[in-house]
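Chemist: What follows is a single structure, and I will ask about it in a moment.
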Amino acid sequence: MNFFPWLTIIVVLPIFAGSVIFFLPHRGNRVIRWYTICICILELLLTTYAFCYHFQFDDPLIQLVEDYKWINFFAFHWRLGIDGLSIGPILLTGFITTLATLAARPVTRDSRLFHFLMLAMYSGQIGSFSSRDLLLFFIMWEFELIPVYLLLSIWGGKRRLYSATNFILYTAGGSIFLLMGVLGVGLYGSNEPTLNFETSVNQSYPVALEIIFYIGFFIAFAVKSPIIPLHTWLPDTHGEAHYSTCMLLAGILLKMGAYGLIRINMELLPHAHSIFSPWLVIVGTIQIIYAASTSPGQRNLKKRIAYSSVSHMGFILIGIGSITDTGLNGAILQIISHGFIGAALFFLAGTSYDRIRLVYLDEMGGIAIPMPKIFTMFTSFSMASLALPGMSGFVAELIVFFGIITSQKYLLMPKILITFVMAIGMILTPIYSLSMLRQMFYGYKLFNAPNSYVFDSGPRELFVSISIFLPVIGIGMYPDFVLSLSVDKVEVILSNFFYR
């Protein structure tokens, strides 16, 4: 057993190193920017080293466990650990945050605070994915909301205060339900609170109480995912945020909600999940159709991409609701896949805006000729978003399809109906993706503009785009990169379910 506190170092390094930013010499933004990038790279290398040399990939149990007593009064422990379910999101967080920091080069106003908030958000997200104590999970969940709110309200667009307030009201409202669920689970059946996740997993609850806990946790995670009808904060938030913030929102923040559904609703409350799983599948199916049919009506480019995130979340819900190892593995693969694709689309939307200063699709047109590199990368990631074979989105959606078809929980006719509606959603997705490309890159509008000369993608934008594109292609060609991490853990989670 390895007793070195790898996870504690990985969690606290970004925020402590970020605090040093305020004491760096005043020599322009270059020093701050490179210092932040170096911290992110060091963190990613540390994480990769710890996982490669100290994590047993064929062991479904919690590994790299750290347990330190923190507050005696409430039996509160600093308890961290990882398994096959959390290792993928943690590596995704490190990768996307490093590239988002590189993408934030145009930010010059209050650069110290901006980069500190990105590193603080990094710590909160890693802490959420590696927490093995329910109260610590809640604290980390709340902690990373503060940097997001400040990043939105200070460096956003014209309606940034409205979107930031909308975001914090929704997420804080959901967090009330999360806190009630955590305290309810921790205080049940004992005079002393038991917030240890392993103890709570082995605890049995009355069905009525388990359903109440399940609904509370579900509301909290539905806001963050987002799941309709609690998704209305998302388009405004993405529409106003700086694109480096959008990369973190789409790539990591939304995935925390899906992770919470699997980690707590599914693993901690299996009986209630078995009852509610048909509703998850129904909501997921509606979500695919709703978002795919609403997206073409969005004039704002970033809002249209935001609705595609809502549509992709529908596949994750169906995978979670299928209660099969195939479906759940597909949902986990979709979490990782869309983390890359969503971050890349928002990055390219932001770099396009930096050049043409247009955000409404009906004002764009003809960008493909002056910006061929951005056109190529945008087209490639749009194809990945609409699940083109050979890319990660296709494999994830296909595995979810097989998961729901092979599920023993549902009768044949409901499965055929759900599959049919999912197929309609997959047909609608190319419509809004390809129409977005047509409005942006084809036609002649840009040539009629007074300042029609624009620069194409530079080395920085090309490096970020290719860095995200390689894993999208890699996972599409060889999905076992991700599936091999989670397959053993998925079997353990599903061993608690009974088809009754």
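Indices start at 1 and increase along the chain as displayed.
Cβ coordinates come from backbone N, Cα and C, glycine included.
For reference, Swiss-Prot lists these features for the protein:
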| type | residues | note |
| --- | --- | --- |
| TRANSMEM | 3-23 | transmembrane segment |
| TRANSMEM | 37-57 | transmembrane segment |
| TRANSMEM | 84-104 | transmembrane segment |
| TRANSMEM | 111-129 | transmembrane segment |
| TRANSMEM | 167-187 | transmembrane segment |
| TRANSMEM | 242-262 | transmembrane segment |
| TRANSMEM | 272-292 | transmembrane segment |
| TRANSMEM | 305-325 | transmembrane segment |
| TRANSMEM | 330-350 | transmembrane segment |
| TRANSMEM | 386-406 | transmembrane segment |
| TRANSMEM | 416-436 | transmembrane segment |
| TRANSMEM | 462-482 | transmembrane segment |
Chemist: Report, as numbers and ranges, which residues of the same chain sit near the transmembrane segment (167-187): CB under 8 Å and 6 or more residues beyond its ends.
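Modeler: Distant Cβ neighbours of the transmembrane segment (167-187) are 134-135, 137-138, 141-142, 145, 148-149, 152, 193-195, 200, 203, 209, 212-213, 216-217, 219-224, 230, 232-233, 236-237, 264, 268.
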Chemist: Given a Cβ distance threshold of under 8 angstroms, which distant residues of the chain, six or more beyond its ends, lie next to the transmembrane segment (330-350)?
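Modeler: Same-chain residues near the transmembrane segment (330-350) but 6 or more away: 85, 88-89, 92, 96, 99-100, 103, 238, 242-244, 246-252, 254-255, 258-259, 262, 301-302, 305, 308-309, 312, 315-320, 374, 377-378, 381-382, 384-385, 392-393, 395-403, 461, 464-465, 468-469, 471-472, 475, 479, 482-483, 486, 490.
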Chemist: Considering only Cβ pairs within less than 8 angstroms, which of the stretches 242-262, 272-292, 416-436 has the most against the transmembrane segment (305-325)?
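Modeler: So the stretch in question is 272-292.
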Chemist: Give me the stretch from 3-23, 37-57, 272-292, 462-482 with the greatest number of Cβ pairs under 8 Å to the transmembrane segment (416-436).
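Modeler: Per the Cβ count, the answer is 272-292.
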Chemist: If you count every Cβ pair below 8 Å, which range out of 3-23, 84-104, 242-262, 272-292, 386-406 shares the most with the transmembrane segment (37-57)?
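Modeler: Looking only at 3-23, 84-104, 242-262, 272-292, 386-406, the most contacts with the transmembrane segment (37-57) come from 84-104.
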Chemist: Going along the chain, which residues at least six beyond the ends of the transmembrane segment (242-262) come within the CB cut-off of under 8 Å?
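Modeler: Result: 85-86, 89, 92-93, 96-97, 99-101, 103-104, 107, 118, 121, 125, 128-129, 141, 144, 148, 151-152, 155-156, 217-218, 220-227, 234, 302, 305-306, 309, 313, 316-317, 320, 328, 331-332, 335, 338-340, 342-343, 345-347, 349-351, 353, 493.
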Chemist: Could you tell me what the rest of the chain brings near the transmembrane segment (84-104), counting residues at least six beyond its ends with Cβ under 8 Å?
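Modeler: Sequence-distant neighbours of the transmembrane segment (84-104): 10, 33, 36-37, 40-41, 43-44, 47-48, 51, 55, 57, 60, 114-115, 118, 121-122, 125-126, 129-130, 242-245, 247-248, 251-252, 255-256, 259, 262-263, 332, 335-336, 339-340, 343, 347, 350, 460, 463-464, 467-468, 471, 482, 485-490, 493.
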Chemist: Please indicate, using numbers and ranges, the residues of the same chain that are 6 or more beyond the transmembrane segment (386-406) and have a C-beta under 8 Å from a C-beta there.
Modeler: 281, 312, 315-316, 318-319, 322, 324-331, 333-334, 336-338, 340-341, 415, 418-419, 422, 426, 429-430, 433-434, 471-473, 475-477, 479
